[in-house]
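Step one of this worksheet: look at the structure below.
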């Protein structure tokens, strides 16, 4: 019986533990918060990321370690690799923690990106804006997620405000891309080098946070193999082990690399019901060196994110093939507290289900772009 | 956040807890064994069934109580109902704990059964055998499962041996029925009286223990509505709340009632992957008074039971749409330690998968009757 250690005890760790139980796996989760929601389904060890005594206890109790949270300090990840196998490896983690290194890698493997430039000072920001062009987005190189650590510049007049907003942190200025669609590839590579992708997923954000996903992304037959090939090159370049998400924009019908997340990803939650082996199960198989599971989509799947607080569960529970996911977290503005996945055999059936759900929950705006994507021919 | 109490901490409690986590439910499991396998995924309170101090603590910590194990003493179930809502109710539990009361109920609601007679003494057994006819099976009225507490009589010469084997416990003698098929209905009724059934399942036993299940049972179009109607009458007669299994024989194309299990059931494990809402999720919805979930079969599903010890998992992990379930129990002869569920869109695809699995595991005998059922037209 093997024990998987997970750094970070949020909903991703929780869903990893739930997916791993049928595989006969045990878990140990470390988190700084006593009420980390993964602690409801797996043993929780409370520690700071720099408490190496506690981390040593953690390492001694697990067979392999992985992440719920990519912003674990690089120092901690490195230290751990000396005590227990850690996947993904610290280099992969470090590159995907740094927007500049990440975009540089994308270009190296042949994936185009929006124009970008590094920014380490106010003056460099001004020069970068001339190079990249307005509008543009200034983002901290590290610790950004869900739209945090970002500032949008409409013109050179915004340089001072932007530089101040980000507190002078090492940053990257990116051209604002008027994209047509946002897509993501959920990919997985095992310790044995086996590689698989889930079908391309189309995503919609609201206030910088994922609001809805649709898989397989419609009308993506031409883009999908290109996206999968990029994901494979990134995985092989980083000797990546585990699941990762590659987020892409589509502009003028071409793919642009936005960012990667070195872990199971919100846009892959639909795989719990929608794929024979979910992203959570495949991440565990990958880090254990087991054969990867079937990552095809069984039907059409839509994931609706619950941000801040949960809506009334009854319209989801009453809807055929709709699945409720409550992460066991308390409500807080901007916090991911749960999601629902709706499955259907046809676009017509999916539209009916989403329309009923949107209406019953008063969330017509959340389902509207998905409905539009399902109707466009 | 509601807490569900479960009496008994085996694999059924474990799978209930795993199904309930996404619903935002918490669990508390009571069991006499410190290593009860549900304790790996939910808090475990160790107690004896007659330790009313500990049971009082249990009752105080849960919002509703239910069962992983039907042979909880009736006295314990009654005591609990005075402290917390308990589903199914003690009368339903008592009737399904008693083979005589159970078969009497089947006849009352119009479901035929094999001939049977109560047996409380050696002489009564001799008379019962004359009435029922040989061959026949003597079974204890209580505490029998997986072929335990049974003795098969070929003739009157076996009366003494049979009476001795069962230790003089109150028993029932049942005619041995040369049945064509074994089927089960997994049914669920909620606190609100909502009733649903999963598609009929065909079952195969080896040494009195379930070896394989196939759902939906093929060629059962005529029998299914009859079976569902019997299940509904039983549920309504008992004011039953939760999932139960009704096990049936088919003899000369007609249904005979064999027994019922007042809980989630081994022949319904395929619903984890095979139905939009599994038997575990629907049991929880039922006891909480939530709307019941969709209980249709998504595809064709075969469950293979692992008895005594787990086979090599790799052939299952490598097979598309095959799902591994390790209960986290130690190996022991006759013990249910895990199962696998295989899903397919067609009988042809299922036959290919089962053939590969049977061969790779050296378990051709376990899959053979399922293959035969999938090929017969």
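The backbone N, Cα and C atoms fix where each Cβ goes, and this holds for glycine too.
With a cut-off of 8 Å between CB atoms and residues at least 6 apart in sequence, the same chain places A:99, A:103, A:113, A:114, A:115, A:116, A:132, A:136, A:137, A:138, A:139 near residue A:174 (ATP binding site), listed in sequence order. Sequence annotations record features per position, and here TrEMBL assigns ATP binding site to A:99, A:139, A:144-150, A:174-177, A:182, A:205, A:258-259.
Among the features that TrEMBL reports, domain 'ATP-grasp' is placed at A:103-288.
The binding-site residues examined here are A:177, A:258; by Cβ neighbour count within 10 Å, the least packed of them is A:177. Counting every protein chain shown, 23 other Cβ atoms lie within 10 Å of the Cβ of residue A:99 (ATP binding site).
In the three-state DSSP scheme, residue A:99 (ATP binding site) is classed as helix.
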